[in-house]
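Listed features, source TrEMBL:
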TRANSMEM  48-68  transmembrane segment
TRANSMEM  75-95  transmembrane segment
TRANSMEM  101-121  transmembrane segment
TRANSMEM  142-163  transmembrane segment
TRANSMEM  169-187  transmembrane segment
TRANSMEM  208-226  transmembrane segment
TRANSMEM  238-258  transmembrane segment
TRANSMEM  270-290  transmembrane segment
REGION    309-346  region 'Disordered'
Amino acid sequence: AGFVAGLGLALASSAFIGGSFVLKKKGLLRLCGRARAGQGGHAYLREWLWWAGLLCMGVGEAANFAAYAFAPATLVTPLGALSVLVSAVLSSIFLNEQLNVHGKIGCILSILGSTVMVIHAPQEEEISSLESMAEKLKDPGFIAFAVCVLVSSLLLIFVAGPRYGQSNVLVYVLVCSAIGSLSVSCVKGLGIALKELFSGKPVLKEPLGWVLLVCLVICISIQINYLNKALDIFNTSVVTPIYYVLFTTAVMMCSAILFKEWQHMVLDNIIGSVSGFLTIVLGIFLLHAFRDIPFSPSLLPLFLQPSRAAPHPPWSSADRHQACQHQPLLPSEDKGSQSAEEEEEE
């Protein structure tokens, strides 16, 4: 029941977050003759559609936060890609934005990959209290992982950032992804704390809950800062798929180390989970990488273009032979020029 609840919350989160982008965009497009947001104006605050989009965003984030308390992070995080799919489909319907054939194939692949991941999702160890969460955080494997994340993030920020941050998209995206894996662990712990709080336990007296809250605020602040830097320097169609792949990979590694999600899985489920994740990655890549490339029928092979297809193709060998016999080897102009050249030579 908890797994189903977490799955439902993750799907609802993707639907609300994906719809929120469309509502916000619809509200911004209604600002005819008024100062737009890109020009520093705040007239969108008077549009109820923009506020509806903001409300949907809040509901979606709350549902995503609650999903981590019931379902494995390895399942919840990859399903966040469905919000991109929902946004793309709704934008093509309500905003008249073009969704080419690459985008449609990407949407189908994202749905198939999500289905495969749900079927083969790992069952994490049961963690029902902050005491068990504290024991997990003391695990030497997780401590080594956290130290590696912090050291690598500091090197990327203070060493690689000033040198390669303006030319290499991986620098700032790697910082966001590495720190994001720790933020998901904090969200998981806070979700367990909220479940205990609603059950009547004195969670507010536990120092671990407040430590997780402070760490979550710090991690999210770092993520937002360096993600904005990456989006400001590089194209969104480049940053979004790379960030999704690296962030989801880091979260899966962190969850496997902290919650031992892969320890009791059979080989079929491991292959299924990895295959589903790679299928989602391919779908997101097709949806973003070729978003602005127009696809016309002229790009199809000749035999698939209806305007160039023969109305009555000669299928039999006799018809093909007869067609070749009646077809002149050279055009009339070429034949006339060739006969004139022969007369001159004679």
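The backbone N, Cα and C atoms fix where each Cβ goes, and this holds for glycine too.
Under the criterion of 3 or more C-beta pairs below 8 Å, with sequence separation of 6 or more, the transmembrane segment (208-226) and the transmembrane segment (169-187) qualify as touching. Long-range contacts of the transmembrane segment (48-68) within its own chain (CB-CB distance under 8 A, at least 6 residues past either end) are made by residues 6-7, 9-10, 12-17, 19-28, 30, 76, 80, 83, 184, 187-188, 190-191, 194.
The stretches the transmembrane segment (142-163) and the transmembrane segment (270-290) do not meet in space: the count of Cβ pairs below 8 angstroms, excluding pairs fewer than 6 apart in sequence, stays at fewer than three. By the Cβ criterion (distance under 8 Å, sequence gap of 6 or more), the transmembrane segment (101-121) is counted as touching the transmembrane segment (75-95), at least 3 such pairs being found. With a threshold of 8 Å between CB atoms, the same-chain residues lying at least 6 positions outside the transmembrane segment (75-95) that come near it are 6-7, 10-11, 13-15, 17-19, 21-22, 25-26, 29, 60, 64, 67-68, 103, 106-107, 110-111, 113-114, 117-118, 121-122, 184, 240, 244, 247-248, 251-252, 276-277, 280, 283-284, 287-288.
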